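See below for the structure under consideration.
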Amino acid sequence: MTLAFGLGTAQYKSDPDSGLDQHVVDITTKAIKAGFIVYGNEEELGQAIKAGGVPREQLYVTTKIPAEKKGSAIKSFEVSLQKLGLDYVDLYLIHGPWFAETDEDLQKRWAELEQIKESGKAKSIGVSNFLQVHLEAILKTAKVKPAINQIEYHPYLQHGDLLDFHKMHNIAVSAYAPLTPIVTAKGGPVDPLYTKLAENYGVTESEIGLRWVIDQDIIALTTSNKIERLEGYLSKLPTFQLTQDEVAEISKTGAKKHFRGFWKTKFDENDRS
């Protein structure tokens, strides 16, 4: 079971130079101490790593180059390392494909990430918010395949055949916003199903939502301002598992509704890819 902690939109900094947010430092420190894989705002994450008291080799730190940032990925990465106060990260991501005007732009950016990996400063490299067409473009010239694609994934956004494409090319998947049906899209068709399953297993609806992701061999990326909730996830989620039929029922029920919570301006309103 893999569960990761990331900062939600409530903690997102529109201005990366606006100074440290101590609340973000505190909650990230607690997540580190609780045992989560972590990624977040770089300066706050760097401070949290120092405050957490956990040996660097026991941490898995992820950061990214912004989705629409042009220019040198290598220079951007060095700035990220400086903000984090680290010699290396475990995973470096291209946050999205929207900086690129052509396939060649995607391929050039990926080649830069391959250089970063070869330097040893990023143990793994991957992408985020990439669709099959973007992955196909970089796979044409890639020397190293993306280790992972981090995507918005929940019962109301299942991405069609994209997961099968990931499996075909041995690309892992990380799901952000997995709890969308009970947070920002409440009142949808999976609500009664989550309630029933939560009662059956003696857990929360959030834990059912996370388990649905995990039981598809997908990394669940979650966030919370309450450390008690995070600790509850770590203690409860390993104690039960949804059946294949239950996973399939959630998927089938969720497909009745379409909802995209992030990057809405980049997709057609009815685009489920």
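Positions of Cβ are set from backbone N, Cα and C atoms, glycine also.
As annotated by TrEMBL, active site, proton donor applies to Tyr39. Marked as substrate binding site by TrEMBL: His95. TrEMBL lists 6-252 with the feature domain 'NADP-dependent oxidoreductase'. Per TrEMBL, site 'Lowers pKa of active site Tyr' is recorded for Lys64.
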What whole-number Å value do you get for the CA-CA distance of the residue listed as 'substrate binding site' and Lys64 (site 'Lowers pKa of active site Tyr')?
6
Have a look at the recorded positions (Lys64, His95) and report the one with the fewest Cβ neighbours inside 10 Å.
His95
Averaged over the domain 'NADP-dependent oxidoreductase' (6-252), what pLDDT does the prediction give?
89
